[in-house]
Structure formats: C-alpha cells, structure tokens
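Quick look at what TrEMBL lists:
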type	residues	note
TRANSMEM	12-34	transmembrane segment
TRANSMEM	40-58	transmembrane segment
TRANSMEM	70-91	transmembrane segment
REGION	95-122	region 'Disordered'
COMPBIAS	96-118	compositional bias 'Basic and acidic residues'
TRANSMEM	130-151	transmembrane segment
TRANSMEM	172-192	transmembrane segment
TRANSMEM	204-227	transmembrane segment
TRANSMEM	234-254	transmembrane segment
TRANSMEM	274-295	transmembrane segment
C-alpha cells in the first residue's frame, strides 16, 4: 500500500525531482545519437505517444475530479486528430505535406547515426529544418503539461491553506506520486525530444522547444499549491487541454504506427523484426508500470 506524508513535502519532492530529471533528459537526444538508438526509438516513441493519449482520456488516471465528461473529451480528441491530419498535409514543411520526398533522406540520415543539431546564434536565419507542425505541437505540449501541473496540486493547495487557517486537517499525499511524476515526465521528455530531433533543428531551437516543457510543469505545481484557487474549474480546464493533447498524440502515434508497418513489410531480417516488436511492447508495458506505481 502507498505510504502517505504531508502534502507540502510531497509536492516539493515531485517538483524538484521532476525538474531535475526532465532537464537532464532533455540533453540526451542531443549527444546520444547512436545508430542502434535511432533504430529503436521509432517503436518506443509510437508506444509512449499512444499510451499517453490513452491516459489523457481516462478519468481514472490523471483527471479524476473534473466536470469535463469523458464523452466530450473523446469527441474533442477525434476532432483534433482530424485537425492535425489536415495541418500535417497543408502546413509548409510538414512531413505529411509537400516534403514527402525528404523522408527517404531522413531515414538514411538516421541509419548513419543522424546529425547533431548545430548551434549558432538564435535568429530566423538559423532555424534549421523548422516546421510549423512541430512548433504547434510543442506549443500544445507547453500549455497542456503546465495545466496538468496546476491541477495536480490545486486540490492539496486548497486543503493546505485551510489547514494553515486552522479549519481543516493537514492534507497528506502518497510518496509513490513522487516516483510516478519523475519517471512519467522523464520518459515523455526523452521521447518528445527524440521526436523533435527528427527535424534536425539547431541546438538553440531544440532547447527553446524542450526546456519550457521541462520547467513549466514543476513550476506550475509549486505556484498552484500556494495560490489555492478553485480546483474544480482548474481540473475542467486541464481535462480540456488533455483532450487536445490526446488527439494530437493519437494522430502522431498512429501515423508512426503505419510507418512502422510499412517498414516491416520491407524488412527481411527476422531478428530485427523481433527486436522492433519487443521495443514496442516494452514501451507499452513501461508506461503502464509507471502509472501503476501510484497504486503500489
């Protein structure tokens, strides 16, 4: 059974460990670009994206207290799948649009170990292979996981404020939630980072994309805990953005799954097939394990 401790200490544990872990993981895709990692990251990313989309839609996982109905969330998710499918086709530089001829070149680069993003001064003349699709997806990531951080601690923040005023008992939270937060966001940070690296952005643009994702969630936990605002309305807003994110991740995940199937049709090496399928299964099982830590 989970061990419970005062909610304030648990909040700080989650915020600090999540911040340190996410920032540390942010730099792994920059410096570790071995061919074997490039070969295995595709099925891992597919599994993590699809499982994260599922968790975003399940009220029993991240969003148990929201007035935002699961049917409404499901409809918004499907709507965003369609919207982002259209964006991927029509936005300039999108992989689903006019740049399909670049995909074989990107695949060849990945087999050769890929290219590390170049540095240089931040400017519009040094954005590498910038795509609007990636920028929009990253923007939704910023907002969504900031809202998740706010909503995670809003309820405990209200109880803590009432406790300090002498009108309620001291709130307690599970120690296991620290490990759930740490492993969950570290996994997402790595997978999101590897996905962003497919565009081969310069290092400064990559960091502009990824560092806010690492910082906003733990920072929003701290602010939310001490601001003690209405947790019900915050949970509703969080669930709305989670439905947006679920649709985005479903589209990207299933698109990668179709690419995965196409790859298998042309792959004659049975050993590599088994390895790829095993990594896909490990990705699914890892996400289930991470969320399940909270129930141990």
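Glycine residues also receive a Cβ, built from the backbone N, Cα and C atoms like all the rest.
Remote same-chain partners of the transmembrane segment (274-295), defined as residues 6 or more beyond its termini with a Cβ less than 8 Å from a stretch Cβ, comprise 2, 39-40, 42-48, 50-52, 55, 61, 174, 176-177, 179-180, 183-184, 187, 260, 263-264, 267. By the Cβ criterion (distance under 8 Å, sequence gap of 6 or more), the transmembrane segment (40-58) is counted as touching the transmembrane segment (70-91), at least 3 such pairs being found.
Away from its own ends, the transmembrane segment (234-254) comes close to residues 46, 49-50, 52-54, 56-57, 62-63, 65-68, 72-74, 76-81, 83-85, 88, 137, 140-141, 143-144, 147-148, 150-151, 154, 195, 224 of its chain (Cβ-Cβ under 8 Å, at least six residues beyond either end).
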